[in-house]
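K.L.:
Straight out of TrEMBL:
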type: ACT_SITE; residues: A:12; note: active site, nucleophile
type: BINDING; residues: A:296, A:358, A:359; note: Mg(2+) binding site
type: DOMAIN; residues: A:12-233; note: domain 'Glutamine amidotransferase type-2'
């Protein structure tokens, strides 16, 4: 059971709306804009005439809702929440697809969650010891049980009491027949925003990009420790704790979020472009052209190219259709899968010294395939520049442990890595360069950015994961680590 | 919520096996033999290498398991339980399809249920007040919560404590990675048998007909109040209560069960044939031929015909393929649906005085269509003989309230009914005739047969339904009721 | 290619209607009544606003039309033809599912076919040599090509010319935007009837049972050699040849047709009952009870029982749900498949001498399983009586060659067969007994009944199959054949 | 019927391989790289043990082949051809999905086609008058009939005779059990290349980008008028006509082909970048940033930006997931669909004078939505620059007539268009600028490039379309047309 529970660290997208006759459609459009945050499953719970109805399935949003008349069945709903899910293999059963929905004799409660609870194993055991029955293997269900078991006098009070028992990163949307609630963890690991439709109703979403699609204006970022209630009387901003300390996950800026999203006032594309520029300043290289890995690294590549006055060329083309191989993954197949996604443009790279800009390296195999591809297309030299620091520590708020165990940068020296990916040179952005590029202003709710992946500094105890972390440290390179600083990155005053 | 919970009175089929490498296939074959007990959904939970895996879906068993590789995925399982589900419209969501499966940090529990709990509303409210979260709207989930919350020292003790809190009719199969459990309610409302495979392993099934299909021999009827545990050490027969009093539901003999099943030593086909014979003795008629409504009334028709020395003819033919209309049900469509299922054979019934033998009448509309069909085919007279007593009272153990509200016999006199179904005459079997026909021997576990549908005598308090029952009595005919006797039918000594 | 073409001997059902707004629904209901004639595929071509639209798929009618909105898409059609298809394995690709539909620049033509052309290989080769391209491997497509290539002046004349080139058995329905055509082969091997709706429109169907379901009255049997045209001006009965000689396939009365159908004035159930009675007279047996194999042999069993004044008992029960095993067919699995379909009722057959009445024996394996089943249920003796003559010769009008090659009666003596099926005795109805039981009146269009399966007398040359037939004769028993008479069975004068 | 046939003008992708054990997989990967050429349907015909087997379905390649075991079923094939299909609504029935496959008594023939025959109506009528039956409404089937009807002595001779009867644009792949054939029309309207796998086998593909994915090297462009035969003896290059004159469709460079494809030695990305540069030279504009419409216009935008030394910014982001609305398309919905695909990045465009570079304008509505989107995101000015000439004439080789009728540039003046799309200014690339940007070298097979969309000069008679063309000219603006030059664009000598 341990693995099943541990395996569920996830990056997801959530969206909710209250008080419009087009709640289901708006939620569908909003989730579509968040599809990059999770492709394994999708669902919507919608309020139809005072009763919550759940529609969910495995796969992409459009596929889930093209089956039967699922979207038609919930049209006319006046409020809804939705979820797109990313998860590791093994846990992809329908029970884990969100939003979860529980039926009570006197009410209903739906829940959508983006994040990962670091004390989930402990809480789940405690709840089970008290007789709780879990239908899913997802940590998200824990909040439902905590709310139901709370003896607090009102629903809001129950929710607050329950939220205070959670540790780790979480952005929650709760829907009852009476109200929509949004809550963010005390460190604000995940982005979470509130928008307003032209007709006045409120929407909540993982990223501001989802607001644009439905025509909503960004009103505010949900702040760490907040519990926001939206109902027919409007929006009430409350908080369940004062002990907050903002540590938004740097990976949101580097990789997860859409370039057209703004997080705490910083546009993601712009931040990435500055990462590229800082990288160029820190790690310049003699070359003829700059090539970004599409699509996620195009912003950084343009920043890099502009800084060095090099031409930014389309040396790699991404197939816009999803590749499926249907075949057992062998080494050869994996190379094929990369080729189905990316092609090198020979006439662009031939006889050129190429700077290949990518946003990150995890295992390194994809990088190796891309370097090979460029050489086969005629590139004379290939210099790899990574627009984020070397990824050496496990994440407990968004990437699963198995991948972490294979982190290239945790196991090899820079020279070894350069050889492994078959590049002429390899360099990473520094942590300071990253922090500077993001340029996050100091917020009332806290002062920082989580860069634990790069320096091992976790802003909060990691509870149930402490043992795994020790095992990780024992298993990996120590000498390569450049004194993991435990200081927080000082942000510029607002 | 009230209706959702009330609407779930159901007639289902359950099957389980322990200790054979072909557990999934055996369960599939067994469920196929029980498909007549429920066509809305089907599922199997199987133990694969110590871990329970759930496969379930809406629709017929063969359809559910033809999708993907569902049966293949659970092949090699060494134990399994399965369920075929009948349910009223509205509750046909996947969450309610059984067996239910709950995951705990330290174990798993699967459950399949045939019956209806009369104190479900009360129990559910109590559990919810204590913080329990229900995923389904099915009453079956209640047992899981009661077991989990029990403070008793062993799993078996927890199950016993939980079973003692239930009221109404239930046959349960529970599966854990360690054992298979079978339990029957104290009145034994539903049939439930234990069989043994040629290779020695035990199986449990709703009806003995399911044993034949898998090559198992009938070992014993599960007795009221028993809790049977089957594991690698064999079968242990235990009981959770001594306060038992057998009241097997007469409708099992009349309509629900397969003709090739034996229930407490009485073969169903034989009992039905005797119902026909007793009906002929009580309500004879001058006629040329006897025609039974296929397939359920063919046994009674042959008994009726033999008793009066009339030819038993195939005057009605049933289409063996399932009819679907895809069209909103209007009065006209309903007549069409009957015509898609049944046809009158003109060359058989033309110019004949026909005795039409049917097993029961609920709303009377189908009977009217059949009488009309026979007349259109040339029948000179149509005398309807029903091989069971008039159905006047609601059931709390197998038929849902909505249908009950439309019971023809509860609302009209015999003369009115005859006119409504457009018959030349109409007569029912007496309750005594029914009891005699079934001829159930006195059992150690009790003395009776439930005939509450016909005489309003309920063998146990009806708890949560008391209010509905009062409303039913107020709304329906009183003077038609022939002094509902509260005495139990005295059975012949064994 | 040879096998693909040869393998397509088939028994199918066809239905058509002209001139009603409910043409699609009527055709759907009609096909449902003909589902027993083919379960492999189903389709409807309907005229929507002057344009023919095709909907077809693999599987049962209700399954094919429950996908998407297939029936809804053709609602409002004013004419339609439909088809249910039976076919041997290997040819079950969507291209072969009928009705076929061809698009021309100036028109459209749809075609549904029940039968088998004995000169299909020759015709197909000739057509291909002239440049014809076949999309299906079905022989039915040949008629389309012949019509299109005809130089005759009118469409009707083209159809006549084309029909005259076909040999073998065929009942065709053709639909153009302008008219519905029905044609029957010169020997009338297949049943084919015309009915009339209460509102006056004409329908055509393989069996009269399909008329009842849609509320139509039987007007007439399509006669051998006829070409009937139905359009907005009414029905015109024409013929494409005078050289007719009725030889309706005896297997329609024995096995294929529904008991509630009438073929040339003879009700199928009644004919079967007489087969049972004649069999009892020819092959009586000392026994306690008669048991028919459900459902197809119930009529014969009741005739047999009445003739010998033996009780006709339900000793075998048929599961009304379709069995699927999903597993590679081994000998053991085949026995399982029989058990999933049929169960013996122990309390009926225990300690009894049983006469088991079946309609026919092909390979004998199913009979063996049933005999075993009855003995396991306690039968003391099992005497098998087959209500048709021994099936010794291949059919070229409805059963495929592969099955024929395994015909038990063509390979073994009566004593060997009795041993193989493990019966206490075995006997067949005589050919004369069969002819007498059917009791077909002499028709204007001819004088006979095809009993070639039993006596090898084929009413017409078998063309492309002559070689296969010689091979069959060489490969099988000669001495068991009782002098295959080539005389036609003299029918009673009308 | 006219519309059905006319509506089938299409842009598709084809791929074939001969002589490798992985023929099915290689074809699947190759088609994946061509998916951008058609998303409506996909199919593969593969040679398994000497017999051709067809797998095809509606939708994207990966969806079609994820159903059942379609790819697994054809694994081990030693040769295969495949097709991805683009088609207008109404013709999306399964019969039209390619490759087509015909079965003959003595052989099989499969066909995949990219192009549009301008004499299809005439040929089809002639063939039908000779008795040909068409199963599809696709013009591609015509070649099959012509081949079958040819009296030429060999298969190759038949194919040559048939090809000589076709007019318009076509690239064909034919597969028989014995060989793979590739043929291109005399004007070479569509790209078509031959590659070679590292193991020596030949592949044929619509675009060179598909060669990269399967690891094949580009060997040569199929030349106009060629018929290439590939079998176990190798590749034989033959031609069916000498009357060739290369006029590759300019739209392939502008829009259809992938940027990483090379067509007649010109890389598509590079050509587009030059179109942007030429556009900047012809139509410069005072602005702060350049924004390309992703993904198709990114190359042109970078050329434009570099030429004017303006920053090339990511002001628009494309959602990489396919959008589906499931809702009847209203004006409002269409705007929504654009928003689901594209978002403006406010932090990039705010207060900026934006040059929006797009590759083409058809109806103008999408352009209007994008201009609005940029303004809502804060753009101060939006100047639209189209990197191709104004699209004023219908295409008979790749875009359907219905769309053509709504061509904005054929109906409005430049000032009107600017107002309609709500831009501050609008300008197009000149035809000469386009020709120069592509920079196609003179080929042995001819001298030109088709720019008929822009100047109305069709390189060959348009046969069946002449009437439509006249109607088009009558219905649209004349005075806006800048003297449609009938001269061919003189290309640079090779």
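A Cβ is built for glycine as well, from the same backbone N, Cα and C atoms used for every other residue.
Burial and contacts for the listed features, if you can.
P.N.:
In the three-state DSSP assignment, the secondary structure recorded for residue A:12 (active site, nucleophile) is coil.
Counting only residues at least six positions away in the same chain, the Cβ atoms of A:292, A:293, A:297, A:367, A:370, A:384, A:385, A:386, A:387 sit under 8 Å from the Cβ of residue A:358 (Mg(2+) binding site).
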K.L.:
What three-state class does DSSP give residue A:358 (Mg(2+) binding site)?
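P.N.:
Where residue A:358 (Mg(2+) binding site) sits, the three-state DSSP reduction gives strand.
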K.L.:
Pick out which of the recorded positions A:12, A:296 has the most other Cβ atoms within 10 Å of its own Cβ.
P.N.:
A:12
K.L.:
I'm trying to understand the geometry here, so how far is the Cα atom of residue A:359 (Mg(2+) binding site) from the Cα atom of residue A:12 (active site, nucleophile), in Å to the nearest whole number?
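P.N.:
Spelling it out, the Cα of residue A:359 (Mg(2+) binding site) and the Cα of residue A:12 (active site, nucleophile) are 20 Å apart.
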K.L.:
I'd like the number of other C-beta atoms within 10 A of the C-beta of residue A:359 (Mg(2+) binding site), please.
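P.N.:
The answer is 23 other Cβ atoms.
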K.L.:
Rounded to the nearest Å, what's the C-alpha distance separating residue A:12 (active site, nucleophile) and residue A:296 (Mg(2+) binding site)? Just drop the number here, would you?
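P.N.:
Residue A:296 (Mg(2+) binding site) has its Cα 17 Å from the Cα of residue A:12 (active site, nucleophile).
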K.L.:
With a radius of 8 angstroms around the mean position of the C-beta atoms of A:296, A:358, A:359, what other residues of the same chain does the Mg(2+) site pick up?
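P.N.:
Checked against the 8 Å cutoff, the neighbours are A:254, A:255, A:292, A:293, A:297, A:300, A:357, A:360, A:386, A:387.
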K.L.:
Tell me the coarse DSSP state (helix, strand, coil) of residue A:296 (Mg(2+) binding site).
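P.N.:
In the DSSP reduction, residue A:296 (Mg(2+) binding site) maps to coil.
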